[in-house]
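First up is the structure itself, then whatever we jot down about it.
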């Protein structure tokens, strides 16, 4: 019986197959993409700096950092004492090059000249510079003492020690000694360090492409989660709609003696067969979809051009499993309802929807609604960044809640938005309005893809815009400096001295950028201090930038202290061990907590940064009390550029907007394409299911053109209803986000993206009209008598 039903109803089941297959493809494609990112598929990682070192030792990699910490201070001396180690060579790195000892790790050989002395440099012969020529290093020319057989720039170990920090330690193994045995001995001698051998040494090499993938991982994770949410939402609603379309068939089965459990078993079996086939097909389609997604991300500049995800089996099982399970869950409620209703009542319910809302819809709809409200309330009890993260996805909870509660919300919404139709003369407006009010379940099902399309787009775009607008307003409010000096084509090194000499009395603040790590962090650590930090002089900083201090005071910032972000679990007076770029660890005391909306919330005394990180430079120099013309003239010899406060804020906002646009491509691109197809698919299913209704309309005297206008008008009304619910979900979620941001910035307010919402609604309207008009026109062209 099940196979017979599938054969005779294959046309109506085609829409279900499409929804499940595309949903499974979306999920498996996202999983394939994430797996490829984790494995760095297509990213060539050559051994450039460590091919001659069989073992490379780095510091421990923090759970919340993509950058390995430096090895602990004195690690080279301790490694040299490990049995089987022939030499332990610290790889001292500074922005322009390395120390001469590192050339041994790279296997570089001199082809002419000699090793560098202090104030000299050795470079690769491919540069075309002769011995005794000069090469600029750290802004000044150094004499070339020798040439290498491969690319590189090396200075004396003495100069490197004063200019750079130890990035790793390369270990040379004694003859006739096992590399594995030595690496195991190193792990025992220096617990906590990362010991790399063989191919894993490539991970110790600096890789812009690999770092680009690391930076994109979090964004792609969010995108995969959003794709999963959209796929599950559409598959569940489409499958439930497909089962509900067969109420008359189930009623007839009950009338001829079928038991409720027989009806349920048949529906479950059909869902298993159709869902299993569709999910299997879709999961395989996820492979080319991941390739397409990678191309889109490459064009957006979010992943390297060489990135190419390799097909794997386990992501396909995720797409298949989720697609099948969601299909079964989508049919569960409708099957139980079809089995419970008495036969005569089922026939009556099949003709006229008397109870479109079920207990399950009420329960889960109110549950998701309560969850969204609870997240908004909870956001006021956590740190600012945590609050933002919580409220960004509140819109999705509102979308699910409104979709489940749609049969209860749609009648008053339809009466509101179709009020003008009730005032128009003629049968067509009346039929559009009353048809939608009568078939509430059908309207709810066909409006669901519109709701998720406009709602997801509006809430995500609005959340990003709200954060960007709030951050921009905060920067403009807190920026006191009149002029900001940026590196431009040169450097900011020496800019403070040049400005002070040119404009006596000017206040100059030049924060030094460095990286710090939480010493010995645990997986569940919430200190949130690993990452970027700034070395500042509080006296000049407060006169150029108003830092948002939540508690404590910057006046207490001196050697041995630090500030932390308000998202950490540290408070004023707490102490925490910090690992610096030079590998030394020091316990610092927290003297202030800074709002996390600031770009860098971890501040250190500038003397501390200078002592531990010789490579630290000032990305920006803030100047107050000096004319822009004088500052520009002072920094021009350095190649730096000076801009006024407004120009600087505008440039920061432009960079933010560009990054946000790229992020939206990754977050919404494929997911919205899928929901657009879901709109077409659902309305095609709904329109073909109305052939009896359209035939009755023809028998009542309506012309094909009139019938087409009625069906298209109802489709437009469905889009209007779905858009209205989506706007409500968007506005509510952005109000919650603005409240969370308002804890940091008094002027925070929701930025509702009316233009993107309007564009999304217009696209949905075009898709809905086309997907309704084409099948309706074909159905209305058939003879009305005998329509099935």
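Cβ atoms here come from the backbone N, Cα and C positions, even for glycine.
According to TrEMBL, the protein has these features:
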type	residues	note
DOMAIN	223-341	domain 'ABC3 transporter permease C-terminal'
DOMAIN	667-781	domain 'ABC3 transporter permease C-terminal'
TRANSMEM	218-244	transmembrane segment
TRANSMEM	271-293	transmembrane segment
TRANSMEM	313-332	transmembrane segment
TRANSMEM	362-382	transmembrane segment
TRANSMEM	388-410	transmembrane segment
TRANSMEM	443-468	transmembrane segment
TRANSMEM	662-686	transmembrane segment
TRANSMEM	707-740	transmembrane segment
TRANSMEM	752-774	transmembrane segment
Using a Cβ cut-off under 8 Å, which residues of the same chain at least 6 positions beyond either end of the transmembrane segment (271-293) come close to it?
2, 6, 13, 16-33, 36, 239, 243, 308-309, 311, 315-324, 326-328, 330-331, 335, 669-670
Secondary structure content, the domain 'ABC3 transporter permease C-terminal' (667-781) (per DSSP, counts of residues)
96 helix, 0 strand, 19 coil
Averaged across the domain 'ABC3 transporter permease C-terminal' (223-341), what pLDDT does the model get? Just tell me the whole number, please.
81
For the domain 'ABC3 transporter permease C-terminal' (223-341), give the DSSP counts of helix residues, strand residues and coil residues.
99 helix, 0 strand, 20 coil
